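Q: The structure under discussion is supplied below as structure tokens; questions concerning it will follow.
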Amino acid sequence: MGGRAGSWRSLSDSEGEETTSDPQPPLLDHQGAHWKNAVGFWLLGLCNNFSYVVMLSAAHDILSHERVPGNQSHVDPGPTPIPLNSSSRFDCNSVSTAPSGSRQWALCCWELHPGCLFSFGGDQLVCYFLLLTSPEPQDPGGEEEAETAARQPLIGTEAPASKPGSSSGLSLQERWTVFKSLLQYIVPLVLVYFAEYFINQGLFELLFFRNTSLSHAQQYRWYQMLYQAGVFASRSSLHCCRIRYTWALAVLQCLNLAILLADMWFSFLPSIYLVFLIILYEGLLGGAAYVNTFHNIALETSNEHREFAMAAACISDTLGISLSGLLALPLHDFLCRLS
């Protein structure tokens, strides 16, 4: 009887433990969801930037292709570039590789082809619906708690999660106050993007070295590749190196612009490999400025202001790129008229 009583007691204790203990989600499932979200966001960023980067990298080839008489194919007729202005030491195209209005509108229209939608839009839909994991509501019984849980970030960050709908309740005065406090980050990022895109779309084509085995088009492709490699490396280095004072990056980027702009006039850089190093360094500065700017804003703004602050700071790169394009076009035309 004692043995039976002990067995019944142990059985009841084990049943009690099973009923009172809260179910815990498996650690492997949580880690799997984290990596799915990480891969999903990485693919979304890749699809978002792929066509833009390809268009910039192929700008010189596109312009060279258009100026070949009678060339109706999409294949470069030969590796030898055909200079438009043989009297100029810059070997210029008729227009700069900086964005121009009519070409951008034409590209936007061509991107509405169904193949482009399937390639990039379809990939983004697949990533969003099949890879990203929606957080489970913490209290399915309450509608408000479920909505709050659904707004939690998919990948945890050091910054606390913002309250749902917080930015929509800000007054105009509060938004202006937050925006003024962001100028310490917005202005340096505008300068960084202005300097680097002035270099990329205004000077890359004009940095032409004749004492090398690389053709003009190959030199331009190497410039773009090294720049993008630097951006990729620095945007991925946030956990290794964090920069609080982003204005220092703006000063260094403007110094890069001054060095390359001076080389346009005086040609004091003896080798293209020095230009390769400067352009790689340019990409490192640009990527570091971008990722550290938004990281600092996320950490230093309050919960109720964070959503608006992150959205407002997005104007920085667009403003810098637009201003650089407006100045790069007339500069290109001016330099190409020089003999």
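Here the Cβ of each residue, glycine as well, is placed from N, Cα and C on the backbone.
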Q: Ranges 206-226, 311-331: which does TrEMBL label transmembrane segment?
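A: The listed stretch tagged transmembrane segment in TrEMBL is 311-331.
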Q: Can you say which of 182-200, 272-291, 311-331 has the most Cβ pairs under 8 Å with the transmembrane segment (245-266)?
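A: Ranked by Cβ pairs under 8 Å, first place goes to 182-200.
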